[in-house]
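Q: Not my notes, these are from TrEMBL:
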type     : residues : note
COMPBIAS : 437-451  : compositional bias 'Low complexity'
COMPBIAS : 453-469  : compositional bias 'Basic and acidic residues'
DOMAIN   : 227-419  : domain 'ABC transmembrane type-1'
REGION   : 1-44     : region 'Disordered'
REGION   : 429-476  : region 'Disordered'
TRANSMEM : 58-79    : transmembrane segment
TRANSMEM : 231-255  : transmembrane segment
TRANSMEM : 267-286  : transmembrane segment
TRANSMEM : 292-313  : transmembrane segment
TRANSMEM : 346-373  : transmembrane segment
TRANSMEM : 393-415  : transmembrane segment
Amino acid sequence: MSDPDPYRNEAASSAPHPGEAVDPSTTLTPQGAPTGRRPRLSPLNQRRWRNFKRNRRALWSLWIFGILFGLSLFAEFFANDKPVLVSYRGEIRMPIFSFYSEQEFGGDFPTEAAYGDPEVQCLIVTGGMDACFDTPNELIAQVAQGETPDLEGFEAGWMVWPLLPYSYDTIVDRPGVAPSPPNVVGYWTDAEGEEQFGLLPPAYRGANLLGTDDTKRDVLARVIYGFRLSVLFALMVTVASSLIGVIAGAVQGYFGGWTDLIFQRIIEIWTGTPSLYVIIIIFAILGRSFWLLVFLTVLFGWPALVGVVRAEFLRARNFEYVRAAKALGVSDRTIMFRHMLPNAMVATVTMLPFLVTGAIGTLASLDFLGFGLPSSAPSLGEMTLQAKQNLQAPWLAFTAFFTFAIMLSLLVFIFEGVRDAFDPRKTFTGEGPEVTESQAQAEADAALAASPSRREGGGPLGHARESSRRPMGMAA
């Protein structure tokens, strides 16, 4: 007579014998999950990562994009009209994080200190001398040369400026008609007060490496902040739209029937809504803002993934491993999102490049039409509009074009590598380290489980074939 639980003996055989030392890092919980061990990538995901690294173009694009985006996240530290650090009477202050009025530096006004004003700079370096309102530049030069004013307990202050002394909304005090061309060569005064001629230092107030726009704002600073804004907008919209679209498509495909029919009719009506007019009307009523634009873009962008996920779930719902899971009493949520969703990931990943680039294009298009973010926001689409309106300023068009081209090209190359890495047909191609027979079998099982082109069930739940063995990894 057969044992009612054929896996009891297998579990008992794997238990330690009496007197045998037990490694706590490999002790199993009642559910079979190892404890005390750092989780690692599965063999399939390790192979996918190796395949991605073999794509040199995608790997280099990931590094370049990661560096650019990482630097843009700290744009306030190297592109700002406020100093990073200020020493005033021995006290260290950080104006990029805190508000300091001019009165706190010995001035007269309760408004925020204009750190680029020579009088404010003189107040900081001299500790608030009244003579700064008469001859600020002379006092600054005296302090720089070590000629300390005759004050008791005087401690010269100092300021650490960012590499680019402009923020995205800084109005550049530069003579001439706006927009101004790039200014990289000219006369400038060094720290010793001597006049120099040549390449202007980036931190010199008057150097605009990419020129200014039609309101005398530095183009390079707006490109840095605009790049960060575009990428953050695209990532937020893509993540939110993907979550909603995957859940909606999974519910439709898994349950089918009336649920699928009702959802399809709702999506057809929703996708037929003129989103551009709705955005214009809502902005006219509530005003333009970044978070409102994110919400509206997600509101009309989530159906993009529904069809792909729905098709995968409709195909996988009749697989043997799904039927076996239902027969064993596994909950619908576990079957959908733990065992069936990995099968739809390959098709979902192929759609991500279109979602990211589409979100960036949507933001740029709305800003170009004047229905996007406020005009003061650092938008690349608004810069493109300025280039169209100021044909005599080609530096605006070149800057906007190359910024878009570099950003979108890097994103496309990265997601192209991700798509190829997730492609089951390329999972076991190319060079790689040798693996044992058991590792190869585990990778083959995992690849078959995640393959959307297979004809029988797989997934983390295991392959419920006609064999007598129980599907591996079955969740109760």
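In case you wondered, yes, glycine gets a Cβ from its N, Cα and C as well.
TrEMBL labels come from automatic prediction, so no person has curated them.
Here the structure is a predicted model, which means the values were calculated and not measured.
Walk me through where these features lie, including what they touch and how far apart they are.
A: Long-range contacts of the transmembrane segment (58-79) within its own chain (CB-CB distance under 8 A, at least 6 residues past either end) are made by residues 52, 96, 162-164, 166-168, 220-221, 224-225, 227-228, 231, 407, 409-411, 413-414, 416-418, 420.
With a cut-off of 8 Å between Cβ atoms, the residues of this chain six or more beyond the transmembrane segment (267-286) that come close are 248, 292-293, 296, 300, 303, 306, 366, 371.
Away from its own ends, the transmembrane segment (346-373) comes close to residues 229-231, 233-235, 237-238, 241-242, 246, 276, 279-280, 283, 288-290, 293, 297, 301, 304-305, 308-309, 311-312, 379-382, 384-385, 388, 404, 407-408, 411-412, 415-416, 418-419, 422-424, 450-452 of its chain (Cβ-Cβ under 8 Å, at least six residues beyond either end).
Sequence-remote contacts of a segment are chain residues at least 6 beyond its ends whose Cβ falls under 8 Å from one of its Cβ atoms, and for the transmembrane segment (393-415) they are 57-58, 61-62, 64-65, 68, 179, 181-182, 210-211, 213-214, 219, 223, 226-227, 230-231, 349, 352-353, 356-357, 360, 364, 380, 383-384, 386-387.
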